[in-house]
Amino acid sequence: MCGIIGYIGTKEALPILIKGLRRLEYRGYDSAGVAVQDKGVLQRVRAVGKIDNLAEKVKDHDIGGTVGIAHTRWATHGGVTEENAHPHVDCSGDLALVHNGIIENYRELKEKYLAKHIFQSQTDTEILAHLIEENYQGDLRSAVQSALALVQGTYGLVAMHRKEPNKIVAARLGSPLVIGVGDHEYFIASDTSPMLAYTQKVIFLDDGELAEISKEGFEIFTLRDQKISKPTEEITWNEAEAQTNGFPHFMLKEIFDQPTVIKDALRGRLILEDGSAKLGGLNMTVEEIQSIKRVILIACGTASYAALVGKNAFERLAGIPTTVEIASEFRYSDPIIDRHTLVFGISQSGETADTLAAIREAKRKGAYVRGIVNVIGSTIARETDGGTYIHAGPELAVASTKAYTNMIAVLLMYALEFGRSNRLAIATGERLVRALQEIPEKMKIVLEQSDTIKKMAEKFKKYDDFFFLGRGVNYPVALEGSLKLKEISYIHSEAYPGGEMKHGPIALLSKDFPVFALLTKNSLYDKMRSNIEEIKARGAPIILIATEGDAQALALTDNVIYVPTTMELLEPLINTIPLQLFAYHMAVLLGKDVDRPRNLAKSVTVE
Ligand code: F6R
């Protein structure tokens, strides 16, 4: 959702801020703005729509200066207008600030200060500018601290003041901020992506912390002004990974990244001779592992479909009853959790508000809580007592692809580790390890069929509705394929377990309602085949994902995409890729904005 970048240093701030905003585009936004100060003048420019609009508009202003802040806004309070775009200023125009999060008591506060201050927007954020103005007596840090004591809600806040030109003040509560340490320059941003071109040295602010940054350095305080020291961390992601590398879209690049990044997820974690895996971040003794009677996987969207694959693996390999909980439901339920329960919060961004709230609830109730996360230093990674990075690298297309397969890889390794600590035979463990090691090459075989899948999309682009069907391990694959299609091509699609069709959905079938079915050679092959026969009998067009060499698939339809065979539990790692490609090509053919689909945000930081 919203994104922040601030700069203070020796270079011209404006180009760094505009480039930074472009790096934040992936989060989803509908307007953007920038404020830069120089020689006692603070200039602000804002524009609705793409960063290009803002970049055009700033050309009409002569903006110099080495200190500035910028923002991409995803509207929550107040429509998509220039007045509502950040940065917001106080009545004097001396103070400018950008804000992520929601100020819940802004209405009461606005009411109180309405007579005294000039409000120019409908946002919840603007009240912060006026509260800081009320408390400003020549020291921005202290004014921010006083203002924040009055608000309820969440914030990642970055402010600067014309009267203190060598200073940026940033504060965090519930919305991430990270300081980047460069060479005589500092960055402050909502995530590391806009600073990767300049530095990999970062300090993550925690909730309740405030940073005062100047060209000479920075200091960190609590909101009550206690000085604290924090370590600088080195992040492994770099700018090159955050480029499209010649692919027309981030999404296609990220689909093609999968054979490489899954190796990063597996590296150093598989132990062939023990037929097992070892994930260092679990932080549990063998006794603790053996004491676990229940696993709960908490996630949203695509991550929850990866979790469904994980459920299968935990139950089959480790024999531990496992449930998948949608975070937004779990957080308001009354879950039965005890000290024999292990909860994994699974999230690419590590910032999803619902997942975060759900794992906090699980923690309160005494479960072991671990994270399975992609973004390094993200809130879920920091709030869990251990866990594992999935090492998918920056995922910048809104629709998740490589994070999904890497989440599955990590879940499979956890299930293997738990299985081997409980009942799983070494021979089965060894087979699984070998099969996992073969996955990257098999993924490449599927990727080579991208052009064939594109032709398939061309043939099917006229349809308005799709079913995706799978059984057993392929049901989560069907769910993910259906989600990908609707997210980026806006085509209506639904996913069902194959056996469920006859209980209702089959009524919808006609020659205008194609069915995408997963018919790979696994233990449910014959059952799934019968389900597809039922569909064929009703005249619906069929596309099949089938196992290489399965000639029978062609008896059901001409539209077959063949995939390499693997162990049944690992099939989602392979079988999902053609569905990702199908959704991608379909969206491109229909002229949709593949990387930034309408209404969606990459990091869903509101409830
Ligand atoms: C789908 C998609 C979303 C996310 C969901 C959870 O392509 O990207 O469904 O999977 O919003 O996000 P994370 O994994 O960041 O918690």
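Glycine residues also receive a Cβ, built from the backbone N, Cα and C atoms like all the rest.
Remember, it's a predicted structure, so these values are computed and weren't measured experimentally.
Sequence annotations record features per position, and here TrEMBL assigns domain 'Glutamine amidotransferase type-2' to 2-216. What TrEMBL lists as active site, nucleophile is Cys2. For 285-426, 456-597, the entry in TrEMBL reads domain 'SIS'. Positions annotated as active site, for Fru-6P isomerization activity by TrEMBL: Lys602.
Across the fold, the C-alpha of the residue listed as 'active site, nucleophile' and the C-alpha of the residue listed as 'active site, for Fru-6P isomerization activity' stand 10 Å from each other.
In the predicted model, the domain 'SIS' (456-597) shows an average pLDDT of 96. Around the Cβ of Cys2 (active site, nucleophile), a 10 Å sphere holds 29 further Cβ atoms from the protein chains shown.
Packing around Lys602 (active site, for Fru-6P isomerization activity) is summarised by its Cβ count: 25 other Cβ atoms lie within 10 angstroms of its Cβ, all protein chains included. For the domain 'SIS' (285-426), DSSP puts the residue distribution at 66 helix, 27 strand, 49 coil. Per DSSP, the domain 'SIS' (456-597) is made up of 70 helix, 27 strand, 45 coil. Under DSSP, Cys2 (active site, nucleophile) is assigned to coil, being neither helix nor strand in the three-state scheme.
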